[in-house]
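S.K.: Pulled these from TrEMBL:
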COMPBIAS  106-116  compositional bias 'Low complexity'
COMPBIAS  121-145  compositional bias 'Polar residues'
COMPBIAS  182-192  compositional bias 'Acidic residues'
DOMAIN    1-55  domain 'SH3'
DOMAIN    273-384  domain 'PX'
REGION    106-222  region 'Disordered'
Amino acid sequence: MYDFAAEPGNNELTVNEGEIITITNPDVGGGWLEGRNSKGERGLVPTDYVEILPNDGKDPFSCGNSVADQAFLDSLSASTAQANSSAANSNNQVDVLAQIGCIESLSQSPPSSSSPSPSPTINKVSSGSDPWSAWSASKSGNWDSTDGWGAKPEGAAAQRNTSNNWDTAFGHPQAYQGPATGDDDEWDEDWDDPKSAAPYFKDSESAEAGGAQRGNSRAAASSMKLPLNKFPGFAKPGMEQYLLAKQLAKPKEKISIIVGDYGPMWVYPTSTFDCLVADPRKGSKMYGLKSYIEYQLTPTNTNRSVNHRYKHFDWLYERLLVKFGSAIPIPSLPDKQVTGRFEEEFIKMRMERLQAWMTRMCRHPVISESELFQQFLNFRDEKEWKTGKRKAERDELVGVMIFSTMEPEAPDLDLLEIEQKCDAVGKFTKAMDDGVKELLTVGQEHWKRCTGPLPKEYQKIGKALQSLATVFSSSGYQGETDLNAAITEAGKTYEEIAGLVAEQPKKDLHFLMECNHEYKGFLGCFPDIIGAHKGAIEKVKESDKLVATSKITPQDKQNMVKRVGTMSYALQAEMNHFHSNRIYDYNSVIRLYLEQQVQFYETIAEKLRQALGRFPVM
């Protein structure tokens, strides 16, 4: 149904949309099957990339699958043993067609997020191109929408961890190696395979497609399109359930909101911690048929390491989004990709961005202290991990019900003040989104100039000067030796400057762009959050009619206003946290940028002074 590019050395099979292959093993495990193409080549293909066709003479391009067809698909996994034993028999072979369009007729629910989904075409770019060429304006939140404020959050980016942890081996023999593969709760799926391509390898069109796939996970969570089998017991509570419940159950967990010098704020823990993401190592499963990268996580408050794969981070992101996403912006992780997953530069960039994402989560007073986040960092063995994982997936305090855990230590707000606060947040976050978008665009263009045309211009000047010195040398005149040498050195100086110009964006612009990319992901979350608040406000406004028709009591309306007030306090507390981080982050990153720029131009000035010193005053 989709193109799939095999990863070299991974025993995978490249298939194209519309190609028919023959299944030789329908259930290798981990969401993969083994197939053979018309050329006789064998390899692994993601199960969700193909459509199984029974040999009944039916038009393979018909989307009208019968009940019998569905029964055949349902029985496929149950007959795996029989299929394996008779794989050599050509009568028992199953044909599959890579055909787009019939996926929804095969299953009434969307594919699990743990399974590979269609990825955009990947175009590798030269090492001189900037990593942000894929960041198109359309990937930010849908600020221009008049009704939905649909968000498309992007992967969190990193501007920290300036020391190069890539070249240092952090040996932690006591580190728990993470959940074992092949357990009984679908934990063995290879989530390292793509949902979308990474920014290094996609053009603007594929970037938009990737953003639609990866970024829409927030919208999917908020509209109950998350796969239910992955989150058993999860059912999205509606706004009415929170606003109109006669009495909210007293949750064990409590999130306090106090009024500080700058207004409502979360209660910060007495001690903070960070989490070092380091030591990426390649692992394998299925007897070496599938490979993955595992990262070591070391919280600074315990100094005890655990190991996690990317799919584990993905699980954490989805759970945080489900639980806190209605109140707290949870930017998505760095995008996934098909090819190049084991290339050093990609692994280094992903680790840097995972580091920034984890640091951001550790800095949040609510998320960092949550049982979910703590369990991710501090489990001691596989049993403890599974127990915590299943508990998190059965959590009922998700969606808007997270507000039921919040207790503002502040007076009640009236509806007009609540609405004004909400509008103020919406106006600022939209304006900041526009500003971040503009800086990303300008930075992207500057990166391209610094790694392309600008160095070439300096190289041309250098070569032209050296050519001129060569011509002068051919005159045979004895008195110009010093001049020709000086001109030659001046030419070499400009060639050195060309190299400095090409390398400089990695030292300063990179961190500024990463910071902006990270905040673009944050800002993409706010439209949904603002939309939920506006929806609650509208419900309260409609409550007068319900009171007039005796559908609810005046006390019910008063409770609704109080609960919307709690939502408003939570929004204000989150914005105060957002602003304090924003001030710190942008002060740090712009200061770093200017320091590096000063050093850059001083280096160029020194080289030009040295070249100038070779020319005597006459």
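We count from 1, first residue shown onward.
Note that Cβ sites are derived from N, Cα and C of the backbone, with glycine treated the same way.
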S.K.: Across the domain 'PX' (273-384), what are the DSSP residue counts per state (helix, strand, coil)?
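M.R.: The composition, in the requested order, is 50 helix, 26 strand, 36 coil.
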S.K.: On the 0 to 100 pLDDT scale, where does the domain 'PX' (273-384) sit on average?
M.R.: 84
S.K.: DSSP says what for the domain 'SH3' (1-55): how many helix, strand, coil residues?
M.R.: 3 helix, 26 strand, 26 coil
